Amino acid sequence: MAAPGRVAAFRLPPLPTIGEIIKLFRLKAQRQLSQNFLLDLRLTDKIVKQAGELKNAHVCEVGPGPGGITRSILSAGVEQLLLIEKDARFIPGLQMLSEAAPGKVRIVHGDILTYKMEKAFPKHLKKDWEDEPPDIHIIGNLPFSVSTPLIIKWLENVSKKDGPFSYGRTQMTLTFQKEVGERLTANPGGKQRSRLSIMAQHLCTVENCFVIPGQAFVPKPEVDVAVVHFTPLVQPKIQQPFELVEKVVRSVFQFRRKYCFRGLETLFPESGRLKRTEQLMMTANVDPTLRPFQLSMSQFRSLCNTYRKMCDEDPSLFVFNYREELKQKKRTRNLLRSTNQLEKTEEEED
């Protein structure tokens with residue numbers, strides 16, 4: 001019995017184990033969807049603990065599968081839990097959990113990449129961006145195949161303050177391949193420093209919480225798994241549009257092992273490329289002989305700010321696509337080759 005004046009903690013009634021749920025509904029992880037089940041509730045509790053205080057919070061769990069993390073979230077005393085599951089095979093097992101927690105669980109059979117997150121939570125939960133994060137959390141043991149495109153999508157949402165971040169600085173606790181987790185948190189000079197490092201760290205505080213060994217999952221993946229926590233920053237470290245930052249950062253890391261000058265060249269058309277690249281690096285005060293992974297956040301900020309000024313002066317710069325230029329050159333070469341071959345054939349016939 002709860003003490004007078006205190007609300008009793010929520011407890012799930014006795015339920016089949018996750019292993020029993022898997023057998024009951026004949027669930028099998030599909031390798032082509034990179035599915036891996038986490039059966040150890042001590043580990044699911046540990047993941048959920050990284051999200052912070054969840055009592056009376058609103059939580060969206062991405063890809064709950066057989067519901068291991070789901071149970072840990074419900075046991076944390078959340079107010080509402082939204083489950084978004086793409087694989088219809090898991091819905092009956094999740095409905096069993098929903099019935100065990102009346103009024104707390106809403107199940108959506110859909111794809112998180114297309115689901116409209118800006119309508120996922122009650123409007124009264126919204127907070128100003130400068131305030132503390134809202135009482136909203138995103139938690140998920142993500143399939144490896146979707147984790148990187150999904151976090152890039154959500155980082156763009158952070159930049160634009162839309163989607164799940166239309167409510168304020170919504171926090172995320174997500175799993176990734178260990179190597180991806182290391183990229184997300186890598187410092188300048190680190191071997192894992194990458195495009196993902198800059199895109200995540202310029203918009204969020206990113207914490208690599210702990211690593212789960214691969215053998216804890218069923219089936220066992222070939223890699224270990226990192227649990228990563230994200231809190232959007234009040235002010236991004238690079239105050240430029242997401243598309244511009246991503247274009248500059250992607251260009252820099254296009255030739256990871258070469259000097260950063262080589263990647264930055266791809267921002268400019270062939271005509272005037274060398275001169276404009278020199279102008280960019282000189283104005284941004286960045287050493288052209290640094291490797292991409294050696295550049296600091298402030299150097300990326302300076303490059304993005306300078307590139308923005310160059311685009312403002314010449315709007316055609318931002319729409320320039322280096323790969324399209326290469327394709328066009330290849331088409332032109334092939335056309336010339338075909339024309340020369342045709343002329344040679346006609347000469348032989350004459």
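Each Cβ is built from the backbone N, Cα and C atoms, and glycine gets one as well.
Features as listed in TrEMBL:
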BINDING   ASN36, LEU38, GLY63, GLU85, ASP111, ASN141  S-adenosyl-L-methionine binding site
DOMAIN    43-234  domain 'Ribosomal RNA adenine methylase transferase N-terminal'
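The binding-site residues under consideration are ASN36, ASN141. Their Cβ neighbour counts within 10 Å are lowest for ASN36. Residues ASN36, LEU38, GLY63, GLU85, ASP111, ASN141, recorded as binding S-adenosyl-L-methionine, reach a greatest CA to CA spacing of 21 Å. Summed and averaged per residue, pLDDT over the domain 'Ribosomal RNA adenine methylase transferase N-terminal' (43-234) gives 95. Sequence-distant contacts of GLU85 (S-adenosyl-L-methionine binding site), defined as residues of its own chain at least six apart whose C-beta falls under 8 angstroms from its C-beta, comprise GLY63, PRO64, GLY65, ILE91, LEU94, ILE107, VAL108, HIS109, GLY110. Its own atom aside, the Cβ of ASP111 (S-adenosyl-L-methionine binding site) has 12 Cβ atoms within 10 angstroms in the protein chains shown.
Sequence-distant contacts of LEU38 (S-adenosyl-L-methionine binding site), defined as residues of its own chain at least six apart whose C-beta falls under 8 angstroms from its C-beta, comprise THR44, GLY68, ILE69, ASN141, ILE212, ALA216, PHE217. Using a 10 Å Cβ-Cβ cutoff, GLY63 (S-adenosyl-L-methionine binding site) registers 23 neighbours.
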